[in-house]
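Notes for the one structure printed next.
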């Protein structure tokens, strides 16, 4: 069986779990939780997968092995793992079931290495089980907080950030075709350009997401929201002026990244509205 089919199967299972959870619970907060879990995994994956070379995905979906690795990472960390956390919370599964699901993923982790569609370097399958158990505990805490009528401001801001950042990340990844149109790089940097790209992109994502979160999540006067927009504009100017944003093809500028928050913020607003989360633009 082609390796891609195994990964496509994970996507199908993810969508089934998400759909079943939404139908059963009838609560769009589950989709917010899905994004929050994906956002929690992302910095961990940057460190372990990209910087420390712990493992490599080989789904065989793309010819470029680097992009193929990233696609495998997205399928794991944005689809199947968050979907399993959604199901655990939607169906109120006990810790026994949660640990059982973590054990199943540990087995899948090991089995994929035997198939040659996923490779360990220094990583071990048991680490996957331990990490998932911790992640499921965090997802339970987030889910409980989402049920509160008026949670603490810090929690509300964290949820906004964890909802916005994965959508911003996904849109840039898709538009950039995984790094084929532009990369982030410092002129003086040496070594693996992909590692520098991922590191600088995460820093860009972190700063952008924090500014957006504060602008939409705090009770601010208009001038302070405009100040946040000005800071974002300064960030994009810096990327362009100091050649941190390096186009691979012609006619691409860092200023085009301005379109990303313009698209993502309304999506977040709509999602919070249908999820009945009154976290945005407090009065």
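Using the three backbone atoms N, Cα and C, a Cβ is placed for every residue, glycine included.
Taken from TrEMBL, the feature transmembrane segment covers 6-24, 31-51, 71-88, 95-113, 125-146, 153-176, 196-215, 222-239, 259-281.
Contacts between the transmembrane segment (6-24) and the transmembrane segment (222-239): absent, as fewer than 3 C-beta pairs lie under 8 angstroms at sequence separation of six or more.
The stretch in closest packing with the transmembrane segment (153-176), judged by the count of Cβ pairs under 8 Å and taken from 31-51, 71-88, 125-146, is 31-51. Here the transmembrane segment (125-146) has Cβ contacts under 8 Å with residues 29, 32-33, 36-37, 40-41, 44, 81, 84-85, 88-89, 98-99, 101-103, 105-107, 109-110, 113, 155, 159, 162, 277 of the same chain, all six or more residues outside its ends. Sequence-distant contacts of the transmembrane segment (31-51) (same chain, at least 6 residues past either end, Cβ-Cβ under 8 Å): 18, 22, 69, 73, 77-78, 81-83, 85-86, 89, 123, 131, 135, 138-139, 142-143, 146, 159, 161-163, 165-167, 169, 194-195, 198-199, 202, 271-272, 275, 277.
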